[in-house]
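These notes are about the structure you will find just below.
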Amino acid sequence: MDNRSFVQRFIAKPEFGPLVLLILEIAIFWSINPDFLSPLNISNTLAFTVELGLIALAMTLLMTSGEFDLSVGSVFGLSAVVMWTVFNTGLAPLPVAFLIAIGLAMLIGFVNGWFVTRLAIPSFLVTLGMLLIARGSALYITDGFPQRTWNAEDQWLAQVLVGEFYVGGFRVYMSLLWFVLFAFLAHYVLTQTKAGNWIQASGGNPNAARARGVNVRRTKVLLFMTSSAMAAFAGIISSIRTSAANPNSGTSYELEVIAMVVIGGTVLTGGRGTIIGTVIGIFILRIMRNGIVMVGVPGLAYNIFIGAIILAMMALHSWLERRHNAGT
Amino acid sequence: MIQELVRMQNINKYYGRIHALRDVSLTVNTHEVVGLLGDNGAGKSTLIKVLSGAVPMTSGQIYVKGKEVQMKSTTDAIANGIETIYQDSALVPQLSIARNLFLGREPVKGARLFNRLDHDAMNEVARTLLKRVGITKDIPPTTPIGALSGGERQAVAIARAMHFESNLIILDEPTNNLGVAETQGVLRFVREVRDTGHSCIFIAHNIHHVFQVVDRIVVMRGGKIVADNIDPKKSTIEEVERVITGEHLIEALGLDHG
Ligand SMILES: Nc1ncnc2c1ncn2[C@@H]1O[C@H](COP(=O)(O)OP(=O)(O)OP(=O)(O)O)[C@@H](O)[C@H]1O
Ligand SMILES: [Mg+2]
């Protein structure tokens with residue numbers, strides 16, 4: 001087992017397939033349109049990427065524990081609406097409004113986790129219900145109209161979250177730094193800590209984990225809360241960047257985020273997850289969205305490509321899995 | 001030196017209307033391997049499930065080292081030093097050998113906030129433990145459980161029970177579905193378990209296996225214990241077989257026309 005070469009072990013890793021796909025994708029788009037790798041296009045792509053990416057990081061941990069969260073897209077929209085409504089009506093200064101929005105999201109995550117772990121209702125149903133409640137609340141609060149956010153300019157919080165700066169010719173948003181920070185943190189937690197061991201065990205064999213004294217319920221509830229909080233954080237960042245808190249924003253993000261995670265090699269049924277894979281999956285989908293427009297494919301065809309990538313990647317992962325099992 | 005470790009007293013268990021355990025009392029002493037025999041449906045698995053907290057008993061008491069305990073869950077049993085080993089259900093297939101060994105009791109290093117796993121210590125202990133339970137093949141401790149054979153998985157589970165000083169290790173038909181070499185491996189762990197000062201309840205249908213490793217044989221039939229002190233050194237396999245099927249009673253009553 002140890003005497004396999006480095007290359008063989010590298011190829012057997014779940015992240016290998018997605019990585020090859022990502023490199024292929026970049027090479028193809030770049031060869032058709034060299035502007036694809038221009039500083040402007042890269043920085044634009046990155047700005048969109050991190051908002052969904054932040055949610056995907058938290059979703060990876062949640063899915064490794066054997067659950068998933070369909071309400072993230074709605075929480076994405078609701079949180080920004082709540083923060084700006086509280087601020088615009090003069091109820092509280094922006095940092096307090098920010099904390100209220102994140103706190104509300106964590107409460108939503110707690111309720112999701114409580115229903116899933118205490119009442120043993122599948123997370124599909126619980127978070128589907130929460131998706132409707134959160135989206136409905138956002139629409140109700142705003143009467144369906146976007147909240148104005150243009151007075152965000154002179155707020156330090158807005159600068160910390162999405163302020164922009166230049167590195168050489170690149171315009172970089174602060175949100176990219178947040179994404180990098182959270183990606184490292186999530187990877188570290190999952191692979192190097194006791195919490196990571198518990199997350200994987202909760203998804204892999206909850207009964208065995210419970211018998212060893214692992215608090216499976218608390219682990220899952222905390223992950224649901226993290227997932228919601230991250231969705232809120234991303235929604236707020238997005239609202240500041242686009243100067244709009246639209247009650248409809250984030251619609252169907254949940255599916256795109258779950259697609260990113262599974263493309264990267266995390267399994268839907270839990271037990272095994274990879275943050276590196278998720279980061280690759282995030283880029284595969286966002287670059288696809290940006291690239292097909294740049295090479296002249298109508299943007300409306302985007303979903304065809306995404307669907308094909310998901311099916312191809314699932315086939316690859318299942319083939320690797322079977323080959324792995326056969327080899328032992 | 002020999003003391004009472006676990007005592008089950010007047011245990012009754014109903015599954016709905018099925019009376020699976022009828023007033024069962026059984027004591028296991030320290031440093032003792034007890035072989036639990038009985039035909040299909042005799043109640044062996046039910047008895048050890050009650051003892052390991054997997055199913056609740058209808059009535060009765062369980063004492064560990066003389067103190068009455070409540071076994072509400074497998075966690076309670078493990079906390080009382082009673083560990084049950086199933087073929088694989090007690091391990092997480094996706095996690096490595098080392099991570100499984102320390103699941104729930106992970107050694108950590110560095111700042112408390114991060115609870116960083118001490119991988120070096122975990123792998124080191126795992127390597128020594130694997131040798132102790134007789135896995136001589138060089139299996140790295142980072143191998144996922146899913147890549148091990150049934151016998152190797154049980155070896156890992158037994159290694160874990162030994163490392164965390166379980167007093168009583170229960171094996172329910174551990175040699176089912178195992179090859180000849182793996183079966184010998186499991187029988188070797190059972191001896192190793194006793195030699196390191198633990199007790200063991202060993203359930204198997206193959207009486208030859210039971211005769212090879214146990215100190216005392218207990219026989220169940222129809223939810224009752226019908227013999228609880230057969231010495232394998234002083235009895236023959238045929239005699240024990242007759243107790244299991246109940247033929248010895250028929251003979252004693254003179255009803256045997258065969
Ligand atoms: N979950 C259950 N629900 C209802 N009846 C059960 C259940 N589990 C066991 N029984 C019944 O209890 C009795 C004892 O079963 P048990 O599994 O303890 O037998 P056993 O001695 O382990 O048999 P085997 O050697 O076949 O494993 C049987 O009559 C069985 O049908
Ligand atoms: Mg049984």
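Start at 1 and count along the chain as shown; that gives each residue its number.
The backbone N, Cα and C atoms fix where each Cβ goes, glycine too.
Per TrEMBL, these features apply:
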- A:16-33: transmembrane segment (TRANSMEM)
- A:45-63: transmembrane segment (TRANSMEM)
- A:93-116: transmembrane segment (TRANSMEM)
- A:123-141: transmembrane segment (TRANSMEM)
- A:170-190: transmembrane segment (TRANSMEM)
- A:221-240: transmembrane segment (TRANSMEM)
- A:260-288: transmembrane segment (TRANSMEM)
- A:300-320: transmembrane segment (TRANSMEM)
Six or more residues beyond either end and a Cβ under 8 Å away: which residues meet both conditions relative to the transmembrane segment (A:170-190)?
39-40, 42-43, 46-47, 49-51, 53-54, 57-58, 60-61, 64, 159-164, 196, 199-200, 230, 233, 237, 241, 273-276, 279
Folded-back contacts onto the transmembrane segment (A:221-240), same chain, C-beta under 8 angstroms, at least six residues removed:
50-52, 54-55, 57-59, 61-62, 65, 67, 69, 71-73, 75-80, 83-84, 98, 101-102, 104-106, 108-110, 112-114, 116-117, 147, 149, 152, 158, 161-162, 175, 178, 182, 199, 246, 249-250
Pairs 6 or more apart in sequence, C-beta under 8 angstroms, 3 or more of them: is that satisfied by the transmembrane segment (A:260-288) and the transmembrane segment (A:123-141)?
no
